[in-house]
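Worksheet: one structure, shown below.
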Amino acid sequence: MSVNEEVSFDAKEHQHLRYNPLRDTWVLVSAHRMKRPWAGQVEKPPEEHVPRHDPHNPLCPGNTRANGEINPDYDSTFLFENDFPALQPDAPDPGEDNCITQYNICQHFFVMCFHPWSDVTLPLMKKEEVVKVIDKWAELVEELGSTYPWVQIFENKGAMMGCSNPHPHCQVWASNFLPNEPALSDRCQRAFHQKHGEPLLLQYAKQEAEKKERVVVETSDWLAVVPYWATWPYQTLLLPRRHVLRINDLTAEEREGLADIMRRLLTKYDNLFEISFPYSMGWHGAPTGPHLTEDNSHWQLHAHYYPPLLRSATVKKFMVGYEMLAQEQRDLTPEQVNIIKTTGAKPTLYYRVSH
Ligand code: H2U
């Protein structure tokens, strides 16, 4: 008998592939690579001194933005049209060329401040303040979704994720087309539903809730897991346990439950490396606008959290080389990063505040 025949498979030690059913892709898991020494780039830890109110920050209440408008003295959430939209309203039509565009792109860009203070983040806000953020998200999906097929809510948090401003905020982009990621997710969920007669993510949530191997936080209404197919080391998936198509379909009770689980999940993230944890997050729900009248029962509302970190507060995961040119690869298993589950539920302020 050869040595290899005696060794039984251990996901923490042995490379393997995992299937991402939302993208129809495979991720290569090679946990043993974490043993290699790190002599690469070390990031700056997140900003330490964030003033509660900075008279020069265009997102703060009462301040002047780039376009000269003055923000109201808001005391909750505050929404404004992005002064630097990704589309120019008067750009010339590219003409007849299928490789450039097949339709008139039309988008609407908003910035939404979560809170009047710059020195708070979602896990440090009161539960009722987070509920107001969720209510505003739901209102925007309802309003913009009455015409636009896709309303993308996303939060870039931390300079490491390209966030340009420490004030707690997200962005909302509404488009008259289905962007690539939701279009792919729509195809995958539809194909699974046709084959199995059940929404993909509902079946998956049930399996994870039973196994408990990758569950980070769970409540009676919500589940946060490190998905089996996670590509980013600390990636999580947050979803309701009930079949819900869109964020505006959540009941008042479910919105409270969401505020609660978001605060708990994000606190665990912050506690992991004792920093205000960077990430990009966003909501995916059934398409809207002309799709409102279609059968979208294959969809399940969910949020993706994609944090960039790998080993510590300052060593991030680079999606380069093999990941860019061949296939996504991760260095430690989703079950191993479940340590975020044990990092406590007490909200902690991980940067000093000057009042
Ligand atoms: P990010 O940090 O996630 O990029 O969000 C900040 C957004 O705020 C960014 O898209 C907008 C930027 O265009 N912004 C304004 O619309 N007006 C301003 O005066 C400053 C920033």
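Cβ coordinates come from backbone N, Cα and C, glycine included.
Per TrEMBL, active site, tele-UMP-histidine intermediate is recorded for H169. Look at TrEMBL and you will find 33-36, A66, 82-83, N156, 162-164, Q171, 317-318, 322-323, Q329 tagged as UDP-alpha-D-glucose binding site. The feature domain 'Galactose-1-phosphate uridyl transferase N-terminal' is assigned by TrEMBL to 9-179. Annotation source TrEMBL lists domain 'Galactose-1-phosphate uridyl transferase C-terminal' at 187-337.
Filtering D83, C163, K317, E323 by Cβ distance to ligand 1 (under 6 A) retains the following binding-site residues: D83, C163. Under the three-state DSSP scheme, K317 (UDP-alpha-D-glucose binding site) falls in the coil class. Of all the binding-site residues listed (D83, E323), E323 sits in the most crowded Cβ setting, with the most other Cβ atoms within 10 Å. Other C-beta atoms found within 10 angstroms of the C-beta of C163 (UDP-alpha-D-glucose binding site) number 17, with every protein chain shown included. A straight line from the CA of K317 (UDP-alpha-D-glucose binding site) to the CA of H169 (active site, tele-UMP-histidine intermediate) spans 24 Å. The two recorded residues, H169 (active site, tele-UMP-histidine intermediate) and C163 (UDP-alpha-D-glucose binding site), show a Cα separation of 10 Å.
In the three-state DSSP scheme, D83 (UDP-alpha-D-glucose binding site) is classed as coil. The secondary structure of the residue listed as 'active site, tele-UMP-histidine intermediate', as reduced to three states from DSSP, is extended strand.
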